[in-house]
Amino acid sequence: MQRKLNQSLLLAEAYFKRKFTMPEVNYELRGIKAGVAYLQKNEIKFNRTLLQENTDEFIRQVVPHELAHLIVYQMFGRVKPHGKEWQLVMNEIFKLPADTCHQFDIKNVQGKTFEYRCACQTHFLTIRRHNKIMKENIEYLCKKCRGKLVFVDDEE
């Protein structure tokens, strides 16, 4: 992990011809995200469980992905999170695909989900979204068919 951070930082320093401060790193991120970059703090939080379950791919892709966010912020300020500046760092400097989402199995980090259906498929919503629907009458729509998601109540 530290070696990949160092290697990636050196590549960025050579490309931009300037020094970057090594970010603070912790492994306390929970949920389904693999990593999060905190731009103003120069800090990266990684998901320990996803790292342990997907070590090689995590180090190869997620570590530089999050570091790229910090480098972009320090070079260009506030820009789109996965915009052209970030893609430049990923593609040109790190020589990696500019993937915005990981493909890791999330069953061990996901938490309880609730089954919903629309006209075209089944969806599994987090407890947070389920509670918003139940308590606040929020509606969620399917991205494919634009149909309303309807709770499948197992107890009926």
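Cβ coordinates come from backbone N, Cα and C, glycine included.
As given in Swiss-Prot:
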ACT_SITE  E66  active site
BINDING   H65, H69  Zn(2+) binding site
DOMAIN    11-152  domain 'SprT-like'
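Across the domain 'SprT-like' (11-152), the prediction's mean pLDDT works out to 95.
Put plainly, the binding-site residues H65, H69 were compared by Cβ crowding within 10 Å, and the winner is H65.
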